[in-house]
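Colleague: From TrEMBL, for reference:
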BINDING   Ser53, Ser176, Ser177, Gly178, Gly179  FMN binding site
DOMAIN    47-234  domain 'Flavodoxin-like fold'
Amino acid sequence: MSPSGAGYRAGHGAGTAFLLSTRAALPGHALRGSLEHRGDDIVTIPTLLVTASPHREEALGNRLARKIAARKGGDLLVRDLAAEPLAPLTVDYARALTLRDPLPRSSATLELSERLIQELESTDRLIVATPMHNFGMPAALKLWVDYVLRIHRTFAPIPQGKVGLLADRPTLVIVSSGGFHRAGESKQPNFLTPHLEAVLSTLGIRAPEFVYLEGLVGRRATPEAMIAEAVAALGDAWY
């Protein structure tokens, strides 16, 4: 069930990004259909939420993300990587990335990558809600990265390295972890933050904001208190 109580089905293959309205109440009601594209004209949606927790709506990071999205208002496009896992990369896709002459965007080989990239292009803000798995990003999120970080499409090689081809936008990353990984109570490394910072920078997103929900296993505070603490740490651009 969706958070609003309206049912939805997980798709197959490419999956579906669900369009929600945050105007009425948190987290809103589902709107019919998914994001539509007509040629080069892309329907603009205020916020894209990419979630990767297998706990889905019960995940504290997802609850915080929807609370923030509701505060910002407008429609919300949700790409739930746990509810609808992306198809693994194929040999045809891998070969397509190394061609001297890139395939046209309409190529069937690039269909899933193109859909995910267009979801990014169609939104003014990006929120990523992800758990930390074994010091880094979960496999579901890494697969999304491998589809959207595409040479000659979302970044271009230059002598100094790589330059992003997507428009910069306000971006928030919510990281949930069972243990602690920052100064003070740190007991494990954090490879997720620098990895995602590099990914987003390569896309063209310059200054993502990170907020952390730590110590969720055996937590000392209530979920509501942890969400309130995270909200207090957010910049004015988000709350």
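Each Cβ is built from the backbone N, Cα and C atoms, and glycine gets one as well.
Note: TrEMBL annotation is automatic and uncurated.
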Colleague: Note down the number of other Cβ atoms within 10 Å of the Cβ of Ser177 (FMN binding site), including every protein chain shown.
Modeller: 22
Colleague: In the three-state scheme derived from DSSP, which category covers Ser53 (FMN binding site)?
Modeller: coil
Colleague: Taking only the residues in the domain 'Flavodoxin-like fold' (47-234), give me the average pLDDT of this model.
Modeller: 92
Colleague: Going by DSSP, is Ser177 (FMN binding site) sitting in a helix, a strand, or coil?
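Modeller: Coil, per DSSP.
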Colleague: Around Ser53 (FMN binding site), how many other C-beta atoms are within 10 angstroms of its C-beta?
Modeller: 24
